[in-house]
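So that you can see what the record holds, here are the features copied from TrEMBL:
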- Arg162: active site (ACT_SITE)
- Ser211: active site, proton donor (ACT_SITE)
- Glu287: active site (ACT_SITE)
- 21-183: domain 'FAD-binding PCMH-type' (DOMAIN)
Amino acid sequence: MRTQLDIQNNYLLKGHSTIRIGGVCSHFAEASNENSIMEALEYAYSKNKKVHVIGAGSNVLIGENPDTFVLKMVMRDVEVIGEKIIAKAGVYLPTISRIALCHGLTGFEWASAIPGTIGGAAIMNAGAYDTEFFDKVEAVTGIDMNGNKKTIPRSDIETSHRSSNIHPENFIVTEVSILLQKGDIGKIEKKMLEYTSYRKRTQPKGLTLGSTFMQSFDFTRGTGVSAGYYIDQCGLKGFTVGGASFSKIHANFIMNQGGGTFSDVLDLMEQAYYRVQEKFGVKLRPEVKILADSLLTRKFVSN
Ligand SMILES: NC(=O)C1=CN([C@@H]2O[C@H](COP(=O)(O)OP(=O)(O)OC[C@H]3O[C@@H](n4cnc5c(N)ncnc54)[C@H](OP(=O)(O)O)[C@@H]3O)[C@@H](O)[C@H]2O)C=CC1
Ligand SMILES: C=C(O[C@H]1[C@H](O)[C@@H](CO)O[C@H](OP(=O)(O)OP(=O)(O)OC[C@H]2O[C@@H](n3ccc(=O)[nH]c3=O)[C@H](O)[C@@H]2O)[C@@H]1NC(C)=O)C(=O)O
């Protein structure tokens with residue numbers, strides 16, 4: 001019998017999401033290498049459970065008691081070869097920005113205060129300040145749900161706003177190769193400070209999942225429009241359900257004010273979805289990933 005992986009039953013997930021909401025999953029383990037991923041897949045298959053991967057949990061809203069195997073990526077090695085940085089999936093984005101700065105490499109300044117991991121960023125095509133994760137990616141390596149290892153070159157990866165054709169239900173990202181350019185250390189640091197300062201001015205601190213909904217494309221203006229703009233225009237800043245509210249600083253951020261629940265957050269999302277649709281005819285699309293067994297009563301999630 002294989003014993004390397006420490007699998008825990010009936011595990012409380014709350015601490016693994018940055019909004020600090022979430023119930024008990026049937027199985028939980030931390031993957032520190034590829035073997036542990038293989039072992040988790042085998043075990044989940046034997047128990048007929050789906051595997052859900054989490055990184056920093058900065059974008060995942062966790063339901064009451066998901067009957068699933070949650071695998072947290074804690075693979076955190078980083079290698080720098082010339083202008084290339086090869087990072088394991090559990091490495092935090094700001095760590096890469098700081099390593100790039102130390103090596104005088106430019107192109108990853110945008111991520112210096114983004115609270116996610118490389119793996120989460122690859123699945124979601126993370127981005128900020130008109131830059132996207134895949135702008136600097138050379139290849140993504142991972143393991144499919146049958147246990148096969150595969151490296152996907154950037155040329156085979158299709159991306160759009162906050163999405164790529166790498167889907168977590170088929171593929172667990174283990175490593176990303178990022179190609180940057182030599183730059184001026186002073187300029188790199190200045191850019192990082194500017195981004196961090198913009199973030200501090202425009203986004204709230206606290207228990208949140210960052211942007212709740214994606215930007216919507218405005219065809220007349222030919223640009224993406226912040227969901228925060230639409231939600232704000234509907235007068236929802238500060239609007240509260242139970243222990244959760246829309247931030248007074250940025251309307252697209254839902255804050256857990258203490259004691260907020262999964263259903264409080266879904267109720268807020270529902271309010272925003274229907275009010276924005278009524279006022280602007282725009283259908284907001286959730287940016288947050290929802291880890292829950294059933295959402296059949298919440299039609300807005302799949303609209
Ligand atoms: N621009 C900004 O200001 C912010 C951006 N973000 C971005 O949101 C993303 C969240 O990152 P993170 O907190 O680590 O992710 P999460 O832990 O929140 O996971 C989000 C989803 O991504 C999938 N996932 C995560 N890691 C992996 C992996 N290694 N392999 C396969 N699937 C994976 C999972 O899908 P499943 O459950 O289906 O398995 C999970 O539900 C990042 O892209 C981050 O940059 C977050 C906050 C602010
Ligand atoms: C926070 C995230 O990413 C953020 C990223 O940090 C910022 C900065 O570049 O740009 C996106 O937000 P965003 O579209 O809301 O951009 P912001 O710069 O915050 O806001 C744009 C504009 O919307 C308007 N706005 C925003 C919030 C608000 O309450 N009211 C309002 O009117 C303002 O005009 C503001 O100038 C990303 N979100 C998405 C879904 O693209 C995340 O992914 O979790």
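Easy rule for this one: first residue shown is 1, then count along the chain.
Just so it is clear, glycine is given a Cβ too, placed from its N, Cα and C backbone atoms.
Note: TrEMBL annotation is automatic and uncurated.
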Does DSSP put Glu287 (active site) in a helix, in a strand, or in coil?
coil
Work out the three-state DSSP category of Ser211 (active site, proton donor).
strand
Take every residue in the domain 'FAD-binding PCMH-type' (21-183), average their pLDDT values, and give the whole-number result.
95
Number of Cβ atoms other than its own within 10 Å, given for Ser211 (active site, proton donor):
21
Length of the line joining the Cα atoms of Ser211 (active site, proton donor) and Glu287 (active site), in Å:
7
Alpha-carbon spacing, Glu287 (active site) to Arg162 (active site), which is rounded to whole Å:
7
Please list residues from the chain of Arg162 (active site) whose Cβ is under 8 angstroms from its Cβ, counting only those at least six apart in sequence.
Met124, Asn125, Ala126, Gly127, Met214, Glu287
Cβ neighbours of Glu287 (active site) where a neighbour is any other Cβ within 10 Å:
19
